[in-house]
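The structure under discussion appears below in the form of structure tokens.
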Amino acid sequence: MEENKQNQVARIQDFDPPMKPKTNKYAIACTFLASLSSILLGYDIGVMSGAIIYIKKDLHITDVQVEILVGILNVYSLFGSAAAGRTSDWIGRRYTMVVAAGIFFAGALLMGFATTYAFLMFGRFVAGVGVGYALMVAPVYTAEVSPASSRGFLTSFPEVFINFGILMGYVSNVAFSKLPTHLSWRFMLGIGAVPSVFLAVSVLAMPESPRWLVMQGRLGDARRVLNKTSDSLQEAQLRLADIKQAAGIPENCNDDIVEVPKRPNGDNVWKELIFSPTPAVRHILITGVGIHFFQQASGIDAVVLYSPKIFEKAGIKSDHDRLLCTVAVGVVKTLFILVATFMLDRSGRRPLLLTSVGGMVASLVLLATGLTIIDHSEQKLVWAIVLCIAMVLAYVALFSIGMGPITWVYSSEIFPLRLRATGCSIGVAVNRVTSGVVSMTFLSLQKAITIGAAFFLYAALAAVAWVFFYTLMPETQGKTLEEMETLFGTFWNWRERARELKELKKTEKNSNDNGQIQMGTNNPAMQNLMT
């Protein structure tokens, strides 16, 4: 009798909602170390905004050469990103990060010792390849190590470290701005070799990606890593089973070392993604590529890279004062990305994204208005200068709470597993090319149509982005892969599907609740179901 009562209590507890898993500190530490590679891109973006002031004076280059020098890194990074996939499959994710750090180290030194514009461009090429490696491998490693419960939080880490790198670049600008012109920019660029050394050393403390270990047939090593980075042993087993299935390893094969079947040709992936996609895949591709395009087309790199130029146009004439203002930009950007990191898994992707982009539109319009008024005024207008500085800070803050991190989180969530690597690489390529176009045209654009009109243009593009997101992008927070594929494919009619899914979940929840009550009243059908 007592045993039956205990069994009944145990079965009742089976219907209780699962407890929220504890934060996996080991997985966070691994993601933290891997994301250090993103500092390389951030540092280069931040430091170049100030270094270019002194490079222009020292090497006597034109505005067009300035634009190319600043923006070309985004094009060069594509070479690194393209090579990173094969390299990481060959030598592993960890040692690919070492390669990224080594290449960037060489590039930073080359830029620091450059004596001519051509020499400097060669250094930019080398550093750009290193940045491309880092940009590709860090999110891949993070996604493959993170447990499901905190994937949104951990996947945003690379964006956090990009912002921290930008802040470091701004601080470096101020620190070396008092040196003679021919030394200041060389120290600013050359000191960038230091973060790459820390990255290379930190890799020694990281485990290899479990997915890469499985692809090498090292199931025993992969199992040990998954046991440490998962929220429970059951989750570790499920993750290992999914990876084995993707690798073509039989489910019942549990040896520590196994032979991995050769993978099929990737042509089918391109066919399914580009040439003959289903409506769901086409919808996913449009939104995944679209969010990457609009993230850069709304002018974030113009603000971050050319903020000293913006502050100069706003009426701040001292180089040192302008660089101090850029440090404020870096601090605000970093603080708000940290806020966003903790809100992503609580508030949902859509509300944060729409709030962020809506605020960006407003701040860009006010910034453009302030710059236009200053341009047409012969007197120094303090209120307009304050407005411009405030709107730059507001713009980067609003970008950081939504558009910045959600672009990377959202695009990594929506692609089906079989298409994820290729789909994300297309998104990254569009992101970098758009960033390159914006950064390599800003000075010419502001000369052609004025700086105020340039920001009105970015505001218009951000407004189009808001309409695009509101119309085509469903909420993905808490959705399973099957639910995502159901949501996508209907384009602007996704809300109806979302309501149907919500009703279905509600019905299932009510059924479960009724089941618990009936079981408590000795419902025979429920007892039969449980036995």
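Keep in mind that glycine also has a Cβ here, set from the backbone N, Cα and C atoms.
Keep in mind that TrEMBL annotations are predicted by a computer and have not been checked by a curator.
Pulled from TrEMBL:
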type     : residues : note
TRANSMEM : 26-54    : transmembrane segment
DOMAIN   : 30-477   : domain 'Major facilitator superfamily (MFS) profile'
TRANSMEM : 66-85    : transmembrane segment
TRANSMEM : 97-119   : transmembrane segment
TRANSMEM : 125-141  : transmembrane segment
TRANSMEM : 153-171  : transmembrane segment
TRANSMEM : 183-206  : transmembrane segment
TRANSMEM : 323-344  : transmembrane segment
TRANSMEM : 350-374  : transmembrane segment
TRANSMEM : 381-410  : transmembrane segment
TRANSMEM : 448-472  : transmembrane segment
REGION   : 506-531  : region 'Disordered'
COMPBIAS : 512-531  : compositional bias 'Polar residues'
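Of the two recorded stretches, the transmembrane segment (153-171) does not lie close to the transmembrane segment (350-374), with fewer than three CB pairs under 8 Å once pairs fewer than 6 apart in sequence are set aside. Of the Cβ pairs linking the transmembrane segment (125-141) with the transmembrane segment (448-472) and spaced 6 or more residues apart, fewer than 3 are under 8 Å, so the two regions do not touch. The transmembrane segment (183-206) and the transmembrane segment (350-374) are not in contact, since fewer than 3 Cβ pairs between them lie under 8 Å (pairs 6 or more apart in sequence). Taken together, the residues of the domain 'Major facilitator superfamily (MFS) profile' (30-477) have an average pLDDT of 87.
Residues 294, 298-299, 310, 313-315, 340, 343-344, 381, 384-385, 387-388, 391-392, 394-395, 398-399, 401-403, 406, 410, 450-456, 458-459, 462-463, 465-466, 469-470, 473-475 of the same chain lie 6+ residues outside the transmembrane segment (350-374) yet bring a C-beta within less than 8 angstroms of a C-beta in it.
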